[in-house]
Amino acid sequence: MPPETTAQGPVLRLSGITKRFGQLTANDGISLSLARGEVVALLGENGAGKTTLMNILFGHYTADAGTVEVMGQTLPPGQPGAALNAGVGMVHQHFTLADNLTVLDNVLLGTRPLLSLSPGRGAARRKLAQLAQDFGLAVDPDARIAALSVGERQRVEILKALFRDARILILDEPTAVLTPQEADALFDTLRRMLAQGLSVIFISHKLHEVMAISSRVLVLRHGKLVGETATDATDRHQLATMMVGAEITAPAPAEARPGETLLKLDNVSTARQGNRPGLQDVALDLRAGQILGLAGVSGNGQGALADLLSGLESPTQGTLTLADKRPDAWSPRTAVALGIGRIPEDRHKTGTIADFTLTENTVLENYATTARGGWMNWRAARTATDAIIDKYDVRCPGPDTRIRLLSGGNMQKLILGRVLEAAPRIILANQPVRGLDIGAVTYVQEQLIAARDAGAAVLLISEDLDEILTLSDSIRVISEGRLSPEFPRGTKTPTELGQWMAGQGFDHAA
Amino acid sequence: MRLEPIAAPSHARTLVPPAIAIAATIAVAGLLAALAGANPLQTFGLIVKGAFGSKFAALETLNRATPLVFTGLAVAVAFRARLWNIGAEAQLYAGALMTVLIGTQLGLPGPLAIPLMALGAVMAGALVLLGPVLLKTRLGVDEVVTTLLLNFVMALFISYLLEGPLKDPMGMGWPKSPSLPRDARLPRIVDGLRLHWGFGLALICAAGVWLIQTRTTLGYEIRAVGANPQAARFAGIPVTRVLVKTALLSGGLAALAGFSEVAGLKGNLTTDLSASFGYTGIVVAMLALLHPMGVVISALFVAGIFVGADSMSRAAQVPTYIADLLLACALLFMVLAILLTRFRVVRG
């Protein structure tokens, strides 16, 4: 494409964007400019205001103050169509594709009038093929979305934006669902786009990716722009410090001393549920004093394994053995009674009851054991809650506060207290630090390590490979409901694990 | 426009919207009274006087409130667990039917008959709600539909019984059941005053439900299942069993309304035993925000409006429909007001 004359100034300029939600200032006077052929990384923890800022750019929210300019033109606020027409494309973290349509139909969706006699599919097909070739985004235009892998779906999302002649592409946490190899392929595509004069905003909280792809970094913290620097002039440590606002030290667990096997799965399969694969002929040993990390791309059977160990689901085949015994009736209550502590994936929907007080949430799992003849023992519940608030540093107005008023980190500390105070022999930690700020992350991880050192068997499920590599004494990879062999700490590189995450190696192992 | 939750509502926040709701209810109802050609102030005066103005009026209001407390509690208990029991009307008639059957067919002495009638009524009402809740938990059938439709099934069944096997031979052709013997009726609370022990039982039930909800594991389970079934299940609360228990409790409470109307007031079963008490129970429970003690107050309020409107209509020639309108306005405005105590409306 010929260079445009408007390329002198920035292609995108946000000036003084401010957005408040009630008491919370999600964006506080943020300004950002993006030049042609540039990747700007937007770095910040969950809740720092990245997504809000992009929603304002797209007209989903109306800013309380500030303006958005694309190619020198000010966009009218609150009109999602305006940004699209001006050439801004966005690839959301959660894809917005119609599963039952083909790739071509998804790309065309919304670009044609509803009732058109000449859909122009032939021309569209040629344009799509050209784009796919130019940017290295190979995908079959006639494949149904439902049949595509996550990485392929992301390519379709990018093609969708390019098909609409986007000159600015916003990627929101694009690598969260990718294996390391797929992430590398994505970066190749991005480099080709830059060479063609497109510009990219890359939203992430993964520092090594930001260092690898961006030319400038903007750091957000609590809704404020706290730093802007050329990527060459900084390093990961400095960015992390900027992002958190304090020095951080990653936990470094000491050598594990694995003991006896506390939980054993033999040839276990579970039922498939909708899009979620079940487990397939899985064998698993959880040993005392060891953290076993379960790596894998989201939606490959982690949920099935977590539900099985939580007691929500029973095996359709195979056996589950706990401390040499096979429980006859498998239910959440049995799981808790037999010493499994469970930190659920979704603390808002599964872990707590939003309209219950802290006290009521604390006793969710053990109210029946402290009750006397059907009467609640509120005094014991209150004492236990006070102890957890104190010991786990739960910041709250008091034990009678409804838990919905707490931050995610404090909610997770209460759940952690509830789990650990029951002195479980086995701990199932499903995404225990997702969405937490770094202070809380470190705290939760240290508590898990401490529980391991005290002799608990920990199963850590995470989609964040870095987290798995840092904490796990041993790693297994899950792919389409199958488990890889066990890899002790340090025996596999991220790239090798990535191959397992992509499903390679299972056939030889089986 | 969207709603934004308020973390810690101020006192003004919690008091002003309900006050405005009351004012708006009065304003709308006053306007309607004026449309009907009456003086609004006088109309309201007559309603209040008719409901609470004399000993007779107040006792009438208490009598009218009695079945509403039972059905209101039945709905409040079920709704707390997000079990949408719209069938209190059917459960009421099931209770009334069992009361009549035990009271007239077994020939037991009063002191034995009355507790047995109450127990039988509770079991019958519980049984009527058991079907829909099992269909819900086993097959996922919507209980709103099943409980609602059972109201009509039950109404027709009662009608059949009263025209057929249960028809009073001494009833001169009227479709009504034989009457309970004297000693199988609920005694009056104070001799000479027209208020029976059904009202006392209603108050005891309200206190009992409040105790269950706040102090027992069952109450805790019911609230947990209602507030977040997914978290309740994860924590190990047997969700299905709790729903079944809730249904038994709710159906039993609604059936006590039937028991109390038959044994305390009417003495026999007719097809017009309930003036839609089962449906009005939903209004009572919603106005009380599902709080069991609030149900008593809200039942008195609703009963007062009905009784007062009856008396007002005789004096001021305003149709009694104004009672229904008053209630409808009160409910709509109050629900909106309660929403506004917890959320603020923001633009954008």
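In case you wondered, yes, glycine gets a Cβ from its N, Cα and C as well.
Model, not experiment: these values are computed from the prediction.
The annotation transmembrane segment is assigned in TrEMBL to B:20-41 (among others).
For the transmembrane segment (B:61-79), the residues of the chain that approach it from at least six positions outside its boundaries are 51-52, 85, 88-89, 91-92, 129, 194-196, 198-199, 202-203, 205-206, 209, 213, 222, 226, 246-247, 249-254, 256-258, 260-261, 264-265, 274, 277-278, 280-282, 284-285, 288, 290-292, 295-296, 298-300, 302-304, 306-308, judged by C-beta separation under 8 angstroms. Residues annotated as transmembrane segment in TrEMBL: B:61-79 (among others).
Beyond its flanks by at least six residues, the transmembrane segment (B:91-108) meets 67, 70-71, 74, 85, 116-118, 120-129, 154-155, 158, 161, 166, 177-181, 184, 250-251, 254-259, 261-263, 268-269, 273-274, 277-278 of its own chain at Cβ-Cβ distances under 8 Å. What TrEMBL records for B:91-108 (among others) is transmembrane segment.
Within its own chain, the transmembrane segment (B:114-135) has Cβ neighbours under 8 Å at 78, 83, 85, 87, 90-92, 94-99, 101-103, 106, 108, 141, 143, 146-147, 150, 154, 184, 186, 201, 243-244, 246-256, 258-259, 263, counting only residues six or more beyond its boundaries. Annotated transmembrane segment per TrEMBL: B:114-135 (among others), in sequence order.
Residues 84-87, 89-90, 93-94, 97, 128-129, 131-132, 135-136, 175-177, 269-271, 278 of the same chain lie 6 or more positions beyond the ends of the transmembrane segment (B:144-162) yet place their CB under 8 Å from a CB of it. As annotated by TrEMBL, transmembrane segment applies to B:144-162 (among others).
The feature transmembrane segment is assigned by TrEMBL to B:195-213 (among others). The list of residues near the transmembrane segment (B:195-213) in space but at least 6 beyond its ends in sequence, with Cβ under 8 angstroms from a Cβ of it, reads 59, 62-63, 65-67, 69-70, 73, 76-77, 80, 118, 185-189, 219, 222-223, 249, 253, 256, 259-261, 263-265, 291-293, 295-296.
The feature transmembrane segment is assigned by TrEMBL to B:279-309 (among others).
Annotation comment: TrEMBL describes B:321-340 (among others) as transmembrane segment.
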